[in-house]
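Here is the structure we will look at, set down as structure tokens.
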Amino acid sequence: MYTGPTVGGLLNATFGNATELIIAIYALRNGMIRVVQLSLLGSILSNMLLVLGCAFFCGGLVFYRKEQVFNKASAIVNSGLLLMAVMGLLFPAVLHFTHTEVHYGKSELALSRFSSCIMLGVYAAYLFFQLKSRKDPYIPLSEDESQNRENEGDNDETPEIGKWESVIWLLIMTAWISVLSEYLVDAIEGTSHAWNIPIAFIGVILLPIVGNAAEHAGAIMFAMKDKLDISLGVAIGSSTQISMFGIPFCVVVGWIMGKPMDLNFQLFETATLFITVIVVAFFLQEGSSNYFKGLMLILCYVIVAASFFVHEDPPPEEKSLTP
């Protein structure tokens, strides 16, 4: 309400992702590189399938008699960025598993760090393009929609708390989350053994569902108010931010810490992300949504969750073996 849909959607995504980034930095400091990779990957999958699916589904049920529309151009730009992120993750994985590195174990890490710097630069350019080049990328697609939104704004668009009060609460909650994240990271391995649940399932499914609670609630709320552009800004924007900023940022932070964090997320995880991006890109290309599309995205997430429940992560020792 204070910043508009573009900056508002970006702030929603940024502070919603603060949980994942704080958990990732704590885990990275403790040398739990695989947990970092899995939690960030899970955050992307959760936002693209579960959060967006629930937004489409709930919005479609509320506006049952009409098809909700959103700005197709912004969705396509985000889809392109996500495909670029998949490309950044794919090459180190393929390089590792085909044993075609010039210097085994070093070329993969060097490529990951180089690609991460490129991805951070692209994300910075994307922010400039989104915030400066265009005044409002979320342009209504029809006059009727514009009038509906104006009428809706007259009815219930009143801020419940002030702007600076909002900023203070965001900072307090982010600081509190950073304290809790340290305890959460320390409990992951013990929970995996006690409950007999794979760490991959905890990292990819359970952690992101909790960490994405803010995006989940926000995206559904905006979709039920027929503000699908902001829902997309939260769900897809959050996925874009994690893939083009969060993951490369963790690689660079690991580089500074002396930890061998790379973009090799293993073939199973990279393939899952690739298929997910393709599926979501097809769903977004029409620029409209309904409850059936939302249901399909939710069920796709159920399939992904089931896949990781029966997937056994390879032991870390294998990565250090020479061919």
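Don't overthink the numbers, they just go from 1 along the chain as shown.
Glycine is treated like the rest: Cβ placed from N, Cα and C.
Taken from TrEMBL, the feature domain 'Sodium/calcium exchanger membrane region' covers 4-131 (among others).
The transmembrane segment feature in TrEMBL is assigned to 7-28 (among others).
According to TrEMBL, the feature transmembrane segment maps to 40-64 (among others). Long-range contacts of the transmembrane segment (40-64) within its own chain (CB-CB distance under 8 A, at least 6 residues past either end) are made by residues 17, 20, 24, 82, 203-205, 207-209, 211-212, 215-216, 219-220, 222-224, 226, 228, 231-232, 234-236, 238-239, 242-243, 246-247, 250, 265, 269, 272-273, 276-277, 280, 289-298, 300-301, 304.
Counting same-chain residues at least six beyond the ends of the transmembrane segment (76-98), those with a Cβ under 8 angstroms from any Cβ of the stretch are 44, 48, 107-108, 111-112, 115-116, 118-119, 122-123, 126, 232, 236-237, 239-240, 243-244, 247-248, 262-267, 270, 273-274, 277, 280-281, 284-285, 319. Summarising the annotation, TrEMBL assigns transmembrane segment to 76-98 (among others).
Within its own chain, the transmembrane segment (110-129) has Cβ neighbours under 8 Å at 10, 77, 81, 84-85, 88, 91-92, 95, 240-241, 244-245, 247-249, 251-252, 255, 261-264, counting only residues six or more beyond its boundaries. Residues or ranges marked as transmembrane segment by TrEMBL: 110-129 (among others).
As annotated by TrEMBL, region 'Disordered' applies to 140-159.
Look at TrEMBL and you will find 166-308 (among others) tagged as domain 'Sodium/calcium exchanger membrane region'.
Annotation comment: TrEMBL describes 167-185 (among others) as transmembrane segment.
If you look up TrEMBL, you'll see 197-222 (among others) marked as transmembrane segment. Distant neighbours of the transmembrane segment (197-222): 12-13, 15-16, 19-20, 23, 34-35, 37-39, 41-43, 45-47, 50-52, 54-55, 58-59, 184, 188-189, 191, 228, 230-231, 234-235, 238, 269, 304-305, 308-309, 311-313; these residues of the same chain sit at least 6 beyond its ends, with a Cβ under 8 Å from one of its Cβ atoms.
Residues or ranges marked as transmembrane segment by TrEMBL: 234-257 (among others). Same-chain neighbours of the transmembrane segment (234-257): 9-10, 12-14, 16-17, 20-21, 24-25, 28-29, 33, 36, 40, 43-44, 47-48, 51-52, 55, 75, 78-79, 81-82, 84-86, 88-89, 112-113, 115-117, 119-120, 122-123, 126, 212, 215, 218-219, 222, 263, 280, 284, counting only residues six or more beyond its ends whose CB sits under 8 Å from a CB of the stretch.
Summarising the annotation, TrEMBL assigns transmembrane segment to 263-284 (among others).
Residues 45-46, 48-50, 52-61, 64, 197-198, 200-201, 204-205, 272, 276, 279-280, 283 of the same chain sit 6 or more residues outside the transmembrane segment (291-310) yet have a Cβ under 8 Å from a Cβ within it. Here TrEMBL flags 291-310 (among others) as transmembrane segment.
Helix, strand and coil counts under DSSP for the domain 'Sodium/calcium exchanger membrane region' (166-308) come to 121 helix, 2 strand, 20 coil. Tertiary neighbourhood of the transmembrane segment (167-185): same-chain residues 15, 18-19, 22-23, 26-27, 30, 32, 35, 161, 207, selected by CB-CB distance under 8 Å and a gap of 6+ residues from either end. Beyond the ends of the transmembrane segment (263-284), by six or more residues, the same chain brings 37-38, 41, 44-45, 48-49, 52, 72, 75-76, 79, 82-83, 86, 88-93, 95-97, 108, 111-112, 115-116, 204, 232, 236, 247, 251, 293, 296-297, 300, 304, 307, 311, 313-314 to within a C-beta distance below 8 angstroms of the stretch. Helix, strand and coil content of the domain 'Sodium/calcium exchanger membrane region' (4-131), in residues and according to DSSP, is 106 helix, 2 strand, 20 coil.
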